[in-house]
Amino acid sequence: MYLIAYLDRNNVGFARVGMEHTLGLNDAAYGLGAGIFFVGYVIMEIPSNAGMYRFGARKWMARILISWGILAVAMAFVVGESSFYILRFLLGAAEAGFFPAVLFYFTLWVPAAHRAGVLGLFVLAQPVANALGSPLSGLLLNLDGTLGLRGWQWMFIVEGIPAVILGVLAPRLLTDRPADARWLARDEREWLTRTMDAENAVKESTSRHPFLAGLKDRRAIAYGLMNLGMVCGIYGLGLWLPSIVGALGTFSNTQLGLLVMLPYAAAIPCVYYWSKRADRTGRRAWHASISMITAAVGLVGAGFLLAVHPILALAFLTIAAIGIYSAVAPFLAMPSAVFAGAAAAAGLGLVNSLGNIGGFVSPYIVGLIKTSTGNTQIALVFLAGCLALTGLIVYRYAHSRPEGNVSAATAPHPSR
């Protein structure tokens, strides 16, 4: 599900060139439209999480999938700047709540000692979606003129439909709690239910209004602001990478898709290994911090090499992608270990909501920098600064906290 979501969220990066010619969008207009997705996302995040807690994560994720799939297809029919902005805003509002709903779902299913590793498998969807979506988007752009539609229109239609189909199937594929999972053996169900109930009982808020307590928790605010810095790097790079790589030479749509795929493909095994290592050592804050700083080094190196050595610049962009995506799982494992129940729905929603402000800020600022200076180097240094500063803050804040530096633990299995 997240793979489809990420594909629909970032395919606008490939559509940019075609939309620029068809609709007359400049870099600043594209950056605003790419970023305004997150304005809708942030505004609707907390209300969406309240709905998720009311109706259950399984049903709510299905609702989100169907609504964003319809709007993703509708993106094919924008006619100018205004409709581009409106549909990107609505797409963000429709997807709001999906990621924290998944994090909340994991607090019901995955013991804390294993959560970074499981989150690592989940966030693999980000580089996988970009690795698969890059050549796919390049191929779909080659359909330009088929049935009277532009290539970018075909891309939005073909990549949006799977979300609707998956949304219809999701309620049948998922169960809300371990106790309802008939595909588990009885002893596994009972063990997992006992384990999760015991963990969540310790973290459950004693407030009469736990949802509000989660929103006011200082830890949620702190992790949300740190998430903002990390997300600046993720979307500042992700939404502009096709344009940055395209400027390295003259490429066909297919060639561009394959080149953009390389940084994401390299990130996939690194994300898996790093998230498992974070669980094994318990040093989540260190793993998240060093990943962000590595990404910053990659962005600075790429910025200085773009004009003089395209191959080395692409290598540094690959280092940046590895660092950015490897940071996500160990970072998000920390706030997800803090909350339970309604407080988790609210607190994790706030972490994600504050973080996604960065999804608006960074693409827009990158677009403004490129439009006003024509210089990609300055934009990449800006993103590097966001990540380096955030990495240092993450380590300073979380390395001595229980969720950021836990002793390596292996939860017992019912068969032991």
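Cβ atoms here come from the backbone N, Cα and C positions, even for glycine.
Model, not experiment: these values are computed from the prediction.
Feature annotations, courtesy of TrEMBL:
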type: DOMAIN; residues: 1-402; note: domain 'Major facilitator superfamily (MFS) profile'
type: TRANSMEM; residues: 28-48; note: transmembrane segment
type: TRANSMEM; residues: 60-79; note: transmembrane segment
type: TRANSMEM; residues: 85-106; note: transmembrane segment
type: TRANSMEM; residues: 118-140; note: transmembrane segment
type: TRANSMEM; residues: 152-174; note: transmembrane segment
type: TRANSMEM; residues: 220-241; note: transmembrane segment
type: TRANSMEM; residues: 256-274; note: transmembrane segment
type: TRANSMEM; residues: 286-305; note: transmembrane segment
type: TRANSMEM; residues: 311-332; note: transmembrane segment
type: TRANSMEM; residues: 339-366; note: transmembrane segment
type: TRANSMEM; residues: 378-398; note: transmembrane segment
The recorded stretch from 28-48, 118-140, 220-241, 339-366, 378-398 sharing the largest number of CB pairs under 8 A with the transmembrane segment (85-106) is 28-48
So which of 60-79, 339-366, 378-398 has the most C-beta pairs under 8 Å when paired with the transmembrane segment (28-48)? 339-366
Six or more residues out from either end of the transmembrane segment (118-140), which same-chain residues have a Cβ under 8 Å from its Cβ atoms? 2-7, 10-11, 14-15, 102-103, 106, 110, 151, 154-155, 158-159, 234, 238, 242, 252-258, 260-261, 264-265, 267-268, 271-272, 274-276, 278, 321, 325, 328-329, 332-333, 336
For the transmembrane segment (286-305), which stretch among 60-79, 256-274, 378-398 has the most Cβ pairs under 8 A? 378-398
Grab the same-chain neighbours of the transmembrane segment (378-398) for me: Cβ-Cβ under 8 Å, and only residues 6 or more beyond its ends, written as numbers and ranges. 222, 226, 228-230, 232-233, 236-237, 240, 244, 284-286, 288-293, 295-297, 299-300, 302-303, 306, 323-324, 327, 331, 334, 358, 362, 365-366, 369-370, 404-405
Where does the mean pLDDT land for the domain 'Major facilitator superfamily (MFS) profile' (1-402)? 86
